[in-house]
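Notes for the one structure printed next.
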Amino acid sequence: MDVSRLLLATLLVCLCFLTAYSHLAPEEKPRDERNLKNNSSMNLLDFPSVSIVALNKKSKKISRNEAEKKKRPSKRKAPMKNVARTRPPPPTPCVATRDSCKPPAPACCDPCAFCQCRFFRSACSCRVLNPTC
């Protein structure tokens, strides 16, 4: 009995370590020192060298002026025209917003509203979800 419990405990501990090791992120896994040295030396050689060029005051002013000229047209946008949408007239027998609208009832009066049912279609009401419709 004790041997089987010891075997089960050992198996459980091994499974815990196995699951913990398999869920480690790739960068957290232990690496070889040789792999680290090879990767770091290759990465440095892959990138081209960078040359630093000093700008004089005149070129700075020109580039600043060019940037301001580019910004000005982008800021001036044509204002959005609010086009009044003509809504269709509501149907003659209709249900007002927030009133009960069970399926045999007529449609909602507001064209942007729809009949929303809850609790297995026991409580239905006309609702407007998009006020800018």
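Placed from the backbone N, Cα and C atoms, the Cβ positions cover glycine too.
These figures come from a predicted structure and were not determined experimentally.
When Swiss-Prot is consulted, the disulfide partner of C117, picked from C112, C115, C124, turns out to be C124. Of the listed cysteines C16, C94, C108, Swiss-Prot assigns the disulfide bond with C126 to C108.
Disulfide connectivity taken from Swiss-Prot links C94 to one of C101, C109, namely C109. In this structure, the disulfide-bonded residues under consideration are C108, C109, C124, C126, C133, and the one with the smallest number of other Cβ atoms within 10 Å of its Cβ is C133. Each residue in the domain 'Agouti' (94-133) gets a DSSP state, and the totals come to 0 helix, 13 strand, 27 coil.
C115 (disulfide bond) has C108, C124, C126 nearby among the disulfide-bonded residues C94, C108, C124, C126, C133, counting only those with a Cα within 10 angstroms of its own Cα. For the domain 'Agouti' (94-133), the model's pLDDT averages out at 81.
Ranked by CA distance from C108 (disulfide bond), the disulfide-bonded residues C94, C101, C117, C133 have C94 at the top as the closest.
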